[in-house]
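Annotated in Swiss-Prot:
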BINDING   H40, H64  heme binding site
DOMAIN    5-81  domain 'Cytochrome b5 heme-binding'
TRANSMEM  109-129  transmembrane segment
Amino acid sequence: MGGDGKVFTLSEVSQHSSAKDCWIVIDGKVYDVTKFLDDHPGGDEVILTSTGKDATDDFEDVGHSSTAKAMLDEYYVGDIDTATVPVKAKFVPPTSTKAVATQDKSSDFVIKLLQFLVPLLILGLAFGIRYYTKTKAPSS
């Protein structure tokens, strides 16, 4: 089913999302895979869930063979208007990680210092009280 290079919007492609009329978008190209649904090894439901969106990631995640990729040419009907496909949000790491990490390290240091000093002070106080009470024996 060779296409003539027509350009479709994502809205137009989304209208073809049933088992009787199924179009998908992979790598910026539109494919009418209706006739292939029954032959798909993973079943038709796998393809039907990828309609109405850019299915490139779904297609690549499965790890299709080069034969499967070559089969797509049979079903090509045109290209997608990339302006109509939503841009995927990219992860942007926080910029002020050093300030947070430094603050965490300083508070960790204070906690560890207190965990060491408080028992030491309690022990010192206990020995001091014991020593004081022994040396100050009651005078009779």
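Note that Cβ sites are derived from N, Cα and C of the backbone, with glycine treated the same way.
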Taking residues 6+ outside the transmembrane segment (109-129), which of them lie with a CB under 8 Å of any CB in it? none
Over the domain 'Cytochrome b5 heme-binding' (5-81), work out the mean pLDDT and round it to an integer. 84
